[in-house]
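According to Swiss-Prot, the features are:
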ZN_FING   12-43  zinc finger
BINDING   Cys16, Cys19, Cys35, Cys38  Zn(2+) binding site
REPEAT    129-212  repeat '1'
REPEAT    223-304  repeat '2'
Amino acid sequence: MVENQKKKKIEEIERCPECGSTNLIRDYEHGELVCGECGAVIEDSYIDQGPEWRAFDSEQNESRARAGSPMTFTIHDKGLSTDISWKNKDSYGRSIPTRNRAQLYRLRKWQKRIKVSNAAERNLSQALQELERMAFNLSIPNDVRETAAVIYRKAVKQNMIRGRSIEGVVAGALYAACRITNVPRTLGEIASVTRVKKKEIGRTYRIMSRYLKLNIMPSKAEDYISRFCSKLKLSMDTRNKALEILRDAENVGLTSGKGPTGVAAAAIYIASLITGERRTQRAVAEVAGVTEVTIRNRYKELTEKLKLNVEQ
């Protein structure tokens, strides 16, 4: 404790107490903090806290560093345990002799058993592997995966897993994480990478949101515009036109109480007609995960209320 406080005080020194100069030299060889102007030795027990090795590029830095990966909630033991590589090579990259490979195989097997020692850990390990699979298939970034893993762990602590499938709860946690981090994914998209029905995922999500007191804001139609337009290979002009239509619709209260994906799909469909990049209702509906009837209904409301002159 005393050493940490002393280290902190040394690190906070910015000026020479003798002449006031900011030209301070850290002499790690002699363990001294010296003023470059007047030569005063400010501290004579200065310790280099960095590594003792040198690296000349990022590859060398990574290979020589001995610290492990950062802690992560997406692994059941938070990444704090040791793994034995499946490559039959030692730490120097040399091949393991054939006579030692059977022993190494047994070590790997026991290490795997020890890492997951009880039913609760097996459940968590299985769930987080499933989460990783879903997130990978949906191209969901790491920060969202971390959030989803934390939500799932909270659900386990609240005993919300009992009577529900692991896959369903994981899907609900992933959808909740997407909503919290403003990375829009529809229930249909989540359901497309699971064996759980969309209705069940939605129900699990609502239960989680209520009991875990998740702070989730309602999703907005404009959150989906960029991704839907990208899937439909529409230009930036069409995207901007769709966003303009949505802003006008919000100003007159057309979006309240309606599904954001349906409104976004209709705005994109209208924008594609206006800019001449025509897309069929079926194509837009498939990307947005809504029905053609929904697009037609929202299309009619938007064109009539906003007085848009659109030729189908």
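Numbers run from 1 along the shown chain.
For all residues, glycine too, the Cβ spot is worked out from N, Cα and C.
The Cβ neighbour count for Cys19 (Zn(2+) binding site), using a 10 Å radius over every protein chain in view, is 12. Counted with DSSP, the repeat '2' (223-304) comes out as 62 helix, 0 strand, 20 coil. With helix defined as DSSP H, G or I and strand as E or B, the repeat '1' (129-212) counts 60 helix, 0 strand, 24 coil. All protein chains shown were included, and the count of other CB atoms within 10 Å of the CB of Cys35 (Zn(2+) binding site) stands at 20.
Listed binding-site residues: Cys16, Cys38; maximum Cβ neighbour count within 10 Å falls on Cys16. Annotation note: Cys38 (Zn(2+) binding site) sits in a coil segment as assigned by DSSP.
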